[in-house]
Amino acid sequence: MLKLLLSPRSFLVLQLLLLRAGWSSKVLMSSANEDIKADLILTSTAPEHLSAPTLPLPEVQCFVFNIEYMNCTWNSSSEPQATNLTLHYRYKVSDNNTFQECSHYLFSKEITSGCQIQKEDIQLYQTFVVQLQDPQKPQRRAVQKLNLQNLVIPRAPENLTLSNLSESQLELRWKSRHIKERCLQYLVQYRSNRDRSWTELIVNHEPRFSLPSVDELKRYTFRVRSRYNPICGSSQQWSKWSQPVHWGSHTVEENPSLFALEAVLIPVGTMGLIITLIFVYCWLERMPPIPPIKNLEDLVTEYQGNFSAWSGVSKGLTESLQPDYSERFCHVSEIPPKGGALGEGPGGSPCSLHSPYWPPPCYSLKPEA
């Protein structure tokens, strides 16, 4: 109706005046987590600054450590320039609805990156409202609402002790500080010196666990961690692991070097065996097959013991393999004594005495002058 009564120029002037006066708008951003909501509050500025985009502030993450203190941190490196952001907080259901500033800031490279809130200021089951703000640009601020009972991280269990309930049954007990036992859920892990992986079991409420059957020849290791259970909250954050405890001191633990040696030798030995089998298989494939015993009858009956003909070996190859025992003869003739005729026998012929194998040449002596 106002737009119809005013001219376009008058309506534009009225808009500019309203913008200079400064109106605030509130935008509610929803997220996938129903427990966390953020209210982004932007204050209008002069028209010449409206075109510049407002950079969002980093998200604040809060965790309550064993209900002793709470740390709320943010990523200070996400800012384009080094900025000391300020944090204010309050509880939604409280008499005082005003924000109070953090009294103990955490720093990263001399830039504020978190806030530590002490135990007396923690109200676990009231909605925690936290506001992050840029002091240089007051229009840059972000508000988040958190349910602290879902953000509790317990301290690691302590004083783990083992006792024998019977000859083959063990009981493990431990303690937790500052948190009621009914509000905690435990994860117990154990293994022996012959196991490669952990066996784990969830234990609710009571800080004890029994192992019904143990082997005296093994050495067992136990450890425990905890989290806030669904009765008191729905935290998914586990505590750190407790210090491990052992049972079976008379058993010598496996030497890690032997395990490493086994881990190397077993694969290498397996590969060597496979390669050897492959070579043996290829060698057997190249060897001719051994004929059945009944086929040997042909060697005696049909081929009359001629193995070469029976096996199919060529005649030329057979002859080349046969040994040659022939020898060349050496011919020897006797040298006559000095002054006598060479080879002259009783018959007066120089050829009457000679080797029986071949006729030697005949010689005649030339008389001396």
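Each Cβ is built from the backbone N, Cα and C atoms, and glycine gets one as well.
Note that the structure is a prediction, hence the values are computed from the model and not measured.
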*Stretch carrying motif 'Box 1 motif' according to Swiss-Prot (options 160-168, 223-231, 286-294, 304-312)*: 286-294
_Disulphide partner cysteine [Swiss-Prot] for C72, chosen from C62, C102_ = C62
*Per Swiss-Prot record, range annotated motif 'WSXWS motif' [choices 153-157, 238-242, 338-342, 363-367]*: 238-242
*Out of these glycosylation sites, N75, N84, which one has the fewest other C-beta atoms within 10 Å of its own C-beta?*
N75
_Restricting to the chain of N71 (N-linked glycosylation site) and a gap of 6 or more, list residues whose Cβ falls under 8 Å of its Cβ, or answer none._
C62, F63, F65, L106, G114, C115, Q116, I117
*By a simple count, how many Cβ atoms lie within 10 Å of the Cβ of N164 (N-linked glycosylation site), its own Cβ left out?*
11
*Helix, strand or coil: which one is N159 (N-linked glycosylation site) in, per DSSP?*
strand
*Stretch-averaged pLDDT - the motif 'Box 1 motif' (286-294)*: 62
*For N159 (N-linked glycosylation site), what residues in its own chain, 6 or more apart in sequence, show a Cβ-Cβ distance under 8 Å?*
R173, W174, K175
